[in-house]
Amino acid sequence: MIVRPPQPRGTARVMYDFAAEPGNNELTVNEGEIITITNPDVGGGWLEGRNIKGERGLVPTDYVEILPSDGKDQFSCGNSVADQAFLDSLSASTAQASSSAASNNHQVGSGNDPWSAWSASKSGNWESSEGWGAQPEGAGAQRSTNTPNNWDTAFGHPQAYQGPATGDDDDWDEDWDGPKSSSYFKDSESADAGGSQRGNSRASSSSMKIPLNKFPGFAKPGTEQYLLAKQLAKPKEKIPIIVGDYGPMWVYPTSTFDCVVADPRKGSKMYGLKSYIEYQLTPTNTNRSVNHRYKHFDWLYERLLVKFGSAIPIPSLPDKQVTGRFEEEFIKMRMERLQAWMTRMCRHPVISESEVFQQFLNFRDEKEWKTGKRKAEKDELAGVMIFSTMEPEAPDLDLVEIEQKCEAVGKFTKAMDDGVKELLTVGQEHWKRCTGPLPKEYQKIGKALQSLATVFSSSGYQGETDLNDAITEAGKTYEEIASLVAEQPKKDLHFLMECNHEYKGFLGCFPDIIGTHKGAIEKVKESDKLVATSKITPQDKQNMVKRVSTMSYALQAEMNHFHSNRIYDYNSVIRLYLEQQVQFYETIAEKLRQALSRFPVM
């Protein structure tokens, strides 16, 4: 029998650099490279390709663009360099014009700062002249922070969410994370296989909105869908809002719970060609564990963002990376951040009690997982319609008070965002200094002292042995201090930085939330004209005012939850930081005292 090599199935142009993980059947490709597709149907978001050197391997589907069947790059115009340069300049001009137009419509911000669009818009009309449907829903534009696993580049504002993992629904069904086919991550296998749609190379190249057509709740018009609905359906899920000592607040469950993320294990699929890490999740209220992969966390994040994102900030997950995913330090860091994310969700009275979150933690078998997943994806009470489930137990607010509350939230969250950014920047610089130049300075002092003692010892003078020994020990003490300085950030600054990083994710969601509220307020302001022109009825206007009042109560309830958590978190993390700093300096002081005691008293 003759075994034929895979026949070419077309060509593709590489859009982003991709570095192959050794031993994982992957192919390293560079942006702009043309590869031949030998198998487009590998599955799991991968295709098999061959480069011009004849090397074959797997490449993430999302990293390439399939070229027309004639094999020519549709952007190359016959591979003419001059034509390519012309089209590149034309493309740049078009992109600039499109960006400018989008900015005028308040669709996007400048750079990666989620506050830029909000800041630019707040002094003017929140609605463009194109009509009520022009303002996007807040949740649809919430961003996801692209977070490396170190503090060198982690402090830019979150970029727009890159979208769900590639792969159809069957892929989810095939490798749902039951207890099968797993081994501990410390086994000798070398690399994870799931190509990252949010890897650093791609995230730095482009930012995309959530594809609204993928989510039922976001495929419909904006806030007017909620404000002008003749009659809101009575949902089974009701979210009460009560007035407490500090104003409107969510109703907290009588018993709270956390979820422990632990026991990372390596699993495989595609006959061992592809590997992944799954984590064990154990809710403290049931003590019954379930296993989930990172992409399942990603799915949960998407569903929570789609359902609650117009009212509640949903911080993004730790970023997925393409290479080095089985390094123990990376696994530890990701698990720590997944733990923090799950704890945040468990602490929220609305999120933690939601059906989609409970199903994620408590499914019992594959069938139950599939059923719950599909139900969540068909949920119509998403986007601005989440406000239809909320019932404030308080009188309606007037429009002036609603607007004042919204402005206050915007002002505070913007100011806090600036403060968090500043602390992250300072902390990053301090971390670099503590792990780089500062220990080296202490080491230089230590070596210089020991060199001096060596010189003194060569004098042959008999009466200086004690002094020389003391100087040598002092030099060694400074070398020990260098090691202490280099290790200290992991004991204190790390936790302060992680807390700030979490809150940066929260704060990056608020511009879109506030934008949704501002858009609704502007619609109510326009309602008199609409009544006068018989476009809506007086009853419609009354309904709009009532529903904007509900939105305001929800915003205030969320801010009260945010403030209570903020006070607790920063009190805890700064106390820990100061306690560790005190211990650090006391340790150094004790070492210096010991070194001092060796010197003879003259």
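Note that Cβ sites are derived from N, Cα and C of the backbone, with glycine treated the same way.
What TrEMBL records for 118-128 (among others) is compositional bias 'Polar residues'.
TrEMBL lists 142-152 (among others) with the feature compositional bias 'Polar residues'.
The compositional bias 'Acidic residues' annotation in TrEMBL covers 167-176.
TrEMBL lists 193-207 with the feature compositional bias 'Low complexity'.
Annotated domain 'SH3' per TrEMBL: 7-69, in sequence order.
Sorting each residue of the domain 'PX' (257-368) by its DSSP state yields 46 helix, 25 strand, 41 coil. Feature annotation from TrEMBL assigns domain 'PX' to 257-368.
Look at TrEMBL and you will find 98-208 tagged as region 'Disordered'.
Per-residue pLDDT, averaged along the domain 'PX' (257-368), amounts to 85 for this model. The residues of the domain 'SH3' (7-69), classed with DSSP into helix (H, G, I), strand (E, B) and coil, number 3 helix, 30 strand, 30 coil.
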